[in-house]
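Peer 1: One structure is given below, represented as structure tokens, and several questions about it will come after.
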Ligand code: AP5
Ligand code: ZN
């Protein structure tokens with residue numbers, strides 16, 4: 001199954017993707033994760049991405065599309081994949097159509113997680129991530145058993161540099177200006193499915209699961 005998970009920053013894409021890819025045994029392709037990994041390693045891609053990610057702005061299309069093209073050509077994507085955080089502009093969506101066409105493939109579902117802007121700010125500023133395994137927590141909504149420590153691996157939890165109130169504002173504006181128009185793009189193709197992302201994490205997962213299994 002070839003899936004795209006959409007939604008504004010903080011909608012819960014990463015949280016849900018982590019659960020769904022484990023269940024459907026498909027790779028999780030997050031452009032945000034790819035940029036953060038490159039930034040951590042200090043590769044040329046990381047150096048380039050850093051100036052945009054740290055400012056809360058979208059990385060230029062040609063850089064982002066190149067990464068996804070390379071990733072989708074790998075063998076483990078043949079049985080399906082979940083894209084999280086890509087595409088984010090109309091140009092990226094058009095490029096994705098081309099890439100998949102060249103691979104004799106296509107998109108099965110585009111799921112949009114809908115969450116109100118006021119709630120997004122609280123979700124993002126309270127988010128904490130494990131330095132070792134990448135698991136996501138929230139100080140209030142999904143806290144670890146022991147503050148600052150990952151339940152899964154005992155790793156240290158940290159706050160992303162773009163999760164400050166000021167950067168979140170910029171990211172939400174980028175979303176509204178450049179990414180929200182994509183909803184109409186996929187609606188017109190008959191692929192778009194909307195999901196209420198404001199309920200608790202388990203409820204959203206249950207609904208997403210049944211939507212993907214065709215039981216809703
Ligand atoms: P990226 O990493 O993709 O960030 P994002 O889209 O801003 O999304 P987030 O990761 O912030 O949120 P999420 O929806 O995954 O929410 P999460 O599950 O963590 O991108 C970062 C940057 O990289 C961009 O700004 C840009 O610079 C660059 N970039 C990436 N892709 C790009 C592209 N295609 N083109 C150009 N540039 C690109 O949840 C958030 C918090 O809420 C967590 O703490 C979680 O525990 C909690 N939570 C989740 N669900 C619930 C729930 N149902 N109830 C209560 N709490 C919840
Ligand atoms: Zn961990």
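Cβ coordinates are placed from backbone N, Cα and C, and glycine is handled just like the others.
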Peer 1: In TrEMBL, the residues 10, 11, 12, 13, 14, 15, 127, 136, 137 are said to bind ATP. Which of 199, 209, 213 is said to bind at that same site?
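Peer 2: Matched candidate out of 199, 209, 213, per TrEMBL for ATP with 10, 11, 12, 13, 14, 15, 127, 136, 137: 199.
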Peer 1: So which range, 30-59, 60-89, gets flagged region 'NMP' in TrEMBL?
Peer 2: 30-59
Peer 1: Quick one: of the binding-site residues 86, 130, 133, 150, 153, flag those whose CB is under 6 Å from ligand 2, and say none if nothing qualifies.
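Peer 2: From 86, 130, 133, 150, 153, counting a Cβ under 6 Å from ligand 2 as near, the near ones are 130, 133, 150, 153.
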Peer 1: Return one of helix, strand or coil for residue 137 (ATP binding site), based on DSSP.
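Peer 2: The three-state answer is strand.
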Peer 1: Nearest of the binding-site residues to residue 127 (ATP binding site) by CA-CA distance, picking from 88, 133, 160?
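Peer 2: For residue 127 (ATP binding site), the closest Cα among 88, 133, 160 is found at 160.
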Peer 1: 59, 153: which of these binding-site residues has the sparsest Cβ neighbourhood within 10 Å?
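Peer 2: Looking at the binding-site residues 59, 153, the Cβ with the fewest others within 10 Å is that of 153.
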